[in-house]
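A.B. asks: Pasting in a structure now, in C-alpha cells, and then I'll have a few things to ask.
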C-alpha cells in the first residue's frame, strides 16, 4: 500500500487509485478469510464452521459467509474496473463522452448488484438442526470435534448457488472481454492512422501486459479452488485434505498478489530493493561500530 500511495510514478497516475482500490479489497479479503472468519469447509456439503474472531463475539455465521463472499466479488469487480480504466484512457471513440457520463454509474451498478444478490442468499438459510443431521449422514465418519462444532449449513440444495457463481463469472468475464476487444482494436487503429506513435504503443503495450499479469493472479487463485468446489459438488466427492488445500490456495491471494505487483512493476520493485539495501547498509554500519577500533580498518566513502 505504501508503494501504491506514495511511489506510483506519474505514468501510472491514471490507474493509481484503481490499483489502490483493488489492493484494499484484497486486504479486506485476507483479514476476513484468515482472521475474522477462518472458514472450515465440509464440501461437497454447502456447510462450514467459522473459527475466526467474529465467532467469538457472536456474529451470526450467515453474515460471516456473506462477508467473505462479498470480499471475493469486490476483488473481481475492481479488476474489471482496471480494464475499463485502460479502455477509457487509451481508446478514442466518437461516443466516448457518453461513456464518461456512464462509467461511474456502471461501476456502482456492479457493486450494488452483487451486494443485493446476497439478500436471497441470507434469507434462504435452512433449518440448522435438520440440515446438520443431513450433512453428517452424507459425509464419511468425521472426527468428534466436527460433530461438536457449530457447523453452519448455508443450503441443502446447492443448485441455486452454482447458478449464482457461474452467472457472476460470466458477468465479470464478458465485461473484461468487451473492454479488451475494444482496447486492442482501437489501439491498433490509432497506430495505423498514426494518431499514436509506435513508441507510445510499445510503452502502453508493455504496461498493459504487466497489468494483465497482475490482474490474472487473484483470478487464478480464486478460480482454481472454485473449480474444485464445483467438481466436488457436482460429483458428490468428499476429500477434506483437498478442500483444505483449496482454502489455503485462496488464502495466499494477498501475499501472492502483492509480490507480483512489486516484481512486475519496475518503480515498486526499485523501492522495495532500495529499502532492503538501506536495511543491509544499516546492519553493516552497526556491526562496524560495535567492533573494537583496533580490530578493523575504518573505510569512509
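Each Cβ is built from the backbone N, Cα and C atoms, and glycine gets one as well.
In case it helps, TrEMBL gives these features for our protein:
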TRANSMEM  17-42  transmembrane segment
TRANSMEM  54-77  transmembrane segment
TRANSMEM  106-125  transmembrane segment
TRANSMEM  160-186  transmembrane segment
TRANSMEM  207-231  transmembrane segment
TRANSMEM  243-264  transmembrane segment
A.B. asks: Where else in the chain does the transmembrane segment (207-231) make close Cβ contacts, counting only residues six or more beyond its ends and a cut-off under 8 Å?
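C.D. replies: Long-range Cβ neighbours of the transmembrane segment (207-231): 11-12, 15, 26, 43, 72, 75-76, 79, 82-83, 86, 162, 165, 169, 183, 237, 242-243, 246-247, 249-250, 252-253, 256-257, 260-261, 264-265.
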A.B. asks: Which of 17-42, 54-77, 243-264 shares the most C-beta pairs under 8 angstroms with the transmembrane segment (106-125)?
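C.D. replies: Looking at each of 17-42, 54-77, 243-264 in turn, the most contacts to the transmembrane segment (106-125) are made by 54-77.
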